[in-house]
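Trainee: Here's a structure for you.
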């Protein structure tokens with residue numbers, strides 16, 4: 001009895017110790033997990049390396065191109081097949097850090113050990129796996145309509161990993177606060193609820209040209225501190241995040257390429273406290289003035305290491321449809337723990353807003369589950385068909401032009417793999433697998449150009465030939481946009497350029513800003529309908545002074561509307577007229593007031609707490625003569641001009657062109673860059689020449705139509721003269737020779753016997769004929785001593801023989 005009690009006591013103590021040990025190895029990892037499983041992934045096909053755990057090393061052993069793992073998910077064994085993701089990290093990837101003195105230090109880390117993979121689950125066609133193997137297995141697995149997070153147990157020595165559903169990984173999911181669901185359904189009216197992920201994959205084929213988001217991630221000082229000020233740990237974490245984002249967006253035919261990382265190692269250059277809107281505004285302003293001049297990119301996301309969400313449970317905020325904007329292409333994201341899988345869905349959500357995606361509603365689904373663009377973050381890793389439609393709509397409206405710029409082959413950290421659809425080093429083209437490829441210019445089996453082809457893709461590639469220099473490849477969409485032209489050496493159109501901010505447009509009544517002539521009429525048409533236009537000034541001066549949802553100059557950090565001052569009234573909510581109030585814009589509610597006899601229509605959009613209201617007056621709008629709107633204030637229009645660009649149309653461009661957003665001259669036709677001082681073909685060093693170079697064609701025409709005929713005629717004349725002379729010599733030559741032969745026989749050699757042809761009959765001898773005496777006026781034969789002269793011609797001797805008349809003797 002005592003023995004049994006002792007055994008039971010020992011067993012109880014072991015259980016308690018084991019439980020405490022489990023708590024120690026988890027070290028707080030499970031604090032925010034409502035449910036999880038401890039699993040041990042097994043590497044297969046490499047029996048000598050059964051343990052999945054590895055330690056990060058950015059300079060040594062190379063990871064294999066492919067890996068396969070066995071993993072128990074929901075009590076069933078699954079096989080994960082992985083391939084290296086070779087397209088998401090730019091070779092020009094640069095990291096900026098600030099030291100204690102505030103000095104900026106750029107570094108170019110090269111991860112010689114590439115341990116970032118994408119893949120799928122065996123026998124699950126619509127599955128997705130995005131993992132890193134740098135230190136154990138860390139990432140996301142999509143299986144069916146469930147998204148799982150996988151990460152190594154920090155202090156485990158037995159290859160233990162935590163597997164959990166992402167929807168169970170956040171105790172307080174953030175809410176975007178979409179309340180006007182009825183109006184929101186209109187923006188997705190084309191969605192068929194019966195469509196599944198297969199339909200989404202078909203949608204990818206409807207957008208055949210891959211888009212590339214060149215992304216910069218910014219880790220703030222709080223995040224750097226949370227990672228114990230370990231710069232390497234922060235860098236590896238951000239690279240893993242980019243790998244996950246690329247996996248999510250790949251299904252929409254969008255690739256995410258990490259081109260830069262900035263880490264605030266001493267202090268944040270702007271405050272991350274206050275409201276999410278204030279932080280977002282400060283971040284995009286810092287991005288425009290500081291980050292963009294250093295790193296060319298399409299979108300930037302700030303990772304904030306706050307201990308909790310912003311007011312209202314906000315973990316992220318971004319602008320909608322601004323991915324290529326210099327001033328608003330960015331978002332903010334709160335990352336307060338180590339759950340990278342969950343925060344990756346938050347960043348994907350905010351990037352989705354930048355790419356024109358609105359929140360999903362009840363009619364949008366992802367295989368019956370939640371989606372990335374749901375109003376409340378649930379950890380989903382799937383985009384709905386609504387999101388695909390929103391992005392397609394952005395593209396069809398002409399947005400996202402910068403996404404067409406494929407990163408240079410030399411700027412992608414990759415090992416070229418034919419058939420992945422990414423043009424890589426050593427490849428002439430890549431149109432996908434032979435089953436997918438429909439490009440006649442590209443051999444899908446070898447990723448080489450077909451015979452006779454000079455190119456296979458790009459706006460400057462026509463019928464497999466590179467378009468000649470000066471061929472238009474992208475037209476201007478408005479008076480502040482500039483056209484682009486092929487340069488004759490590449491099949492890709494140059495980047496999109498526009499007139500420098502702050503220059504006058506619309507008959508000097510408005511200003512160019514970010515490639516648009518920022519008139520109120522344009523904003524009303526864009527917000528409501530084509531017939532809408534700017535309302536009377538009294539509408540702005542009345543509505544925006546009220547400080548309510550339909551008239552204000554922004555909000556405070558506590559969510560209170562700010563009343564506009566009279567001087568700034570034109571920079572609050574845009575006021576329009578000629579609007580059909582029975583057809584409000586999707587997601588918006590409309591107010592219609594009559595003020596002093598004028599119809600004043602404005603709108604309020606409740607798109608969620610992470611989306612700024614699009615009904616505010618655009619930056620750069622002309623609030624009064626000589627002034628423009630910036631940050632809800634009516635300021636001098638000179639504030640729109642970039643201090644970094646030194647360009648003046650009159651002086652720099654000699655009044656023969658305009659300044660573009662790079663500070664270079666875009667010359668008028670007939671004048672050439674860089675300063676439009678000499679004759680040329682127009683355009684700029686950025687956009688290409690504006691006219692096709694016909695000099696070669698004209699030269700060839702002159703050569704073949706004028707020079708060649710003259711040469712041919714000359715040759716014919718020479719041939720004619722030569723052949724005539726030759727013919728004459730040939731005809732005269734035998735006669736002359738016969739004559740000379742006869743004279744030589746009779747005069748120069750009298751002693752030689754004359755050979756007569758044999759007679760057919762015997763003839764009697766004939767007496768020699770008697771010749772008349774020669775004239776005494778000339779020399780007689782034999783009396784001329786000049787033997788070098790040819791003998792005088794003598795009459796031919798009479799012939800002897802039958803039938804020959806005898807000479808008549810002279811009379812005496």
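Glycine residues also receive a Cβ, built from the backbone N, Cα and C atoms like all the rest.
Marked as active site by TrEMBL: 350. What TrEMBL lists as Zn(2+) binding site is 349, 353, 359. What TrEMBL records for 643-677 is domain 'EGF-like'. Residues annotated as region 'Disordered' in TrEMBL: 732-812. Here TrEMBL flags 1-21 as signal peptide.
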Trainee: Tally every other Cβ atom lying within 10 Å of the Cβ atom of the residue listed as 'active site'.
Mentor: 24
Trainee: Determine which residues of the chain contact the domain 'EGF-like' (643-677) at the Cβ level, with the cut-off under 8 Å and only residues 6 or more beyond its ends counted.
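Mentor: Those are 293, 326, 482, 497-501, 503, 515, 683-687, 689-691, in sequence order.
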Trainee: Please report the DSSP secondary structure of residue 350 (active site), reduced to three states.
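Mentor: Looking at the DSSP assignment, residue 350 (active site) belongs to a helix.
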Trainee: Which numbers of helix, strand and coil residues does DSSP report for the domain 'EGF-like' (643-677)?
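Mentor: Summed over the domain 'EGF-like' (643-677), the classes give 0 helix, 9 strand, 26 coil.
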Trainee: Validating a neighbour-count step here. Other CB atoms within 10 A of the CB of residue 359 (Zn(2+) binding site): how many?
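Mentor: Excluding its own Cβ, residue 359 (Zn(2+) binding site) sees 28 Cβ atoms within 10 Å.
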Trainee: Can you give me the average pLDDT across the domain 'EGF-like' (643-677), rounded to a whole number?
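Mentor: The average pLDDT of the model in the domain 'EGF-like' (643-677) works out to 92.
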